[in-house]
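Read the structure below first, then the notes.
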Amino acid sequence: MDVRLHLKQFALLCFISLLLTPCGLACGPGRGYGKRRHPKKLTPLAYKQFIPNVAEKTLGASGKYEGKITRNSERFKELIPNYNPDIIFKDEENTNADRLMTKRCKDKLNSLAISVMNHWPGVKLRVTEGWDEDGHHLEESLHYEGRAVDITTSDRDKSKYGMLSRLAVEAGFDWVYYESKAHIHCSVKAENSVAAKSGGCFPGSGTVTLGDGTRKPIKDLKVGDRVLAADEKGNVLISDFIMFIDHDPTTRRQFIVIETSEPFTKLTLTAAHLVFVGNSSAASGITATFASNVKPGDTVLVWEDTCESLKSVTVKRIYTEEHEGSFAPVTAHGTIIVDQVLASCYAVIENHKWAHWAFAPVRLCHKLMTWLFPARESNVNFQEDGIHWYSNMLFHIGSWLLDRDSFHPLGILHLS
């Protein structure tokens, strides 16, 4: 038996080495995996276009207005001056107010300045408006918090402004608006914004149903647990819990609550997480979409104890709540029923099938471990806090292969 066990362990090590070989090749010199991708073609924004395509002060963009900052405010210390020599500040007030901004805004602006010089040699980024202390903007403008800038190029060539907008998006601004023929408006999330800390998770208080019918808080799930999930056709089944993509018991975040009335259910999850909704044009009748896209009148799939199948139920209302702790469980089938509502195990990218395919190595390793070590202690619950390394790696690979528009706006913050 010892010989067979050692052979199994040796086979596992060889298999893992084969899995990791492509990753090593990608980091090394030469051709193949390590070959540098051709720079993607950047598309200029159209006049009056804004990215992301939501209102500026919403969760998916720069977040809510938090109050005007004056020189006498306690929050004035949040503003730091930007003396980057590669940026021209108009400073028509002669107070250096335009140079004051939050750290996040400064970081994005400095990144954009480099992009501008690389794209148009000899041209610099120009800031016409930054922090405003004189009340020249609309009420609740993010200029009053040092979270917004209006920009042009140093040569004031209006034909460049569409591309300048695109470069600002690529630089990581949370909201970019080709606002006028005279400038581009860019803004960022607040430094302490709960929105800036949102990925794709459920609160720890959310519950799942185990194979024996009992309920269990998501935060207490352990490897070896079997929970209710569904296949691609929406049939309810029991699936193995494999791991947490994200495991954060302490951070306070903002969640979207999707509420139905008949029967009454509440699914609480972050904006970038995928949930299944009714779609008559899809072959299975359902499709996965970001929680932030769900609206009253849409239908979600609800499981009731009295029946074995999922029921299509109309969403009554959508609202937000803050909770402490967030967890993103992964099952062997890539789906999970949380608080009686069917959701995906994945987030950030709006394609459930792609995400599930990307986690195939994780599922395979789980099966191998079960086969190689059948006598190992079940219900192992140790996992370090934070985003799992495999998930983090996939995100960075995806960001290299796909356009930023392929990701949920909040998911892009992982790159910031």
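Backbone N, Cα and C define each Cβ position, glycine as well.
Features as listed in Swiss-Prot:
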- 1-26: signal peptide (SIGNAL)
- CYS27: N-palmitoyl cysteine (LIPID)
- GLU92, GLU93, ASP98, THR128, GLU129: Ca(2+) 1 binding site (BINDING)
- GLU93, GLU129, ASP132, ASP134: Ca(2+) 2 binding site (BINDING)
- HIS143, ASP150, HIS185: Zn(2+) binding site (BINDING)
- GLY200: cholesterol glycine ester (LIPID)
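Feature map: Swiss-Prot annotations on the structure.
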residue	record	DSSP (3 states)
GLU92	Ca(2+) 1 binding site	coil
ASP98	Ca(2+) 1 binding site	helix
THR128	Ca(2+) 1 binding site	strand
ASP134	Ca(2+) 2 binding site	coil
HIS143	Zn(2+) binding site	helix
ASP150	Zn(2+) binding site	strand
HIS185	Zn(2+) binding site	strand
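The residues near the Ca(2+) 2 site, meaning same-chain residues not in GLU93, GLU129, ASP132, ASP134 whose C-beta sits within 8 angstroms of the mean position of the site's C-beta atoms, are GLU92, ALA97, ASP98, GLY130, TRP131, GLU133, HIS136, HIS137, HIS143, in sequence order.
Taking the centre of the Cβ atoms of GLU92, GLU93, ASP98, THR128, GLU129 as the Ca(2+) 1 site, the nearby residues of that chain (Cβ within 8 Å, site residues left out) are PHE89, LYS90, ASP91, ALA97, VAL127, GLY130. Close to the recorded Zn(2+) site, the chain also has THR128, GLU129, GLY130, HIS137, SER141, LEU142, ALA148, VAL149, GLU179, HIS183, CYS186, SER187: residues not among HIS143, ASP150, HIS185 whose Cβ is within 8 Å of the site's Cβ mean position. If you take the Cα of ASP150 (Zn(2+) binding site) and the Cα of ASP134 (Ca(2+) 2 binding site), they are about 16 angstrom apart, rounded to a whole number. Counting only same-chain residues six or more apart in sequence, the Cβ atoms lying under 8 angstroms from the Cβ of ASP98 (Ca(2+) 1 binding site) belong to PHE89, LYS90, ASP91, VAL127, THR128, GLU129, GLY130, TRP131. Looking only at Cα atoms, HIS143 (Zn(2+) binding site) sits nearest to ASP132 among the binding-site residues GLU92, GLU93, ASP132, ASP134. For the binding-site residues shown (GLU93, ASP132), fewest C-beta neighbours within 10 angstroms: GLU93. A C-beta separation below 8 Å, combined with a sequence spacing of at least six in one chain, links HIS185 (Zn(2+) binding site) to ALA148, VAL149, ASP150, VAL176, TYR177, GLU179. Of the recorded residues, ASP132 (Ca(2+) 2 binding site) and GLU92 (Ca(2+) 1 binding site) place their C-alpha atoms 11 Å from one another. Taking the C-alpha positions, the distance from GLU93 (Ca(2+) 1 binding site) to ASP134 (Ca(2+) 2 binding site) comes to 9 Å. Counting only the Cα atoms, the space from GLU92 (Ca(2+) 1 binding site) to ASP134 (Ca(2+) 2 binding site) is about 12 angstrom.
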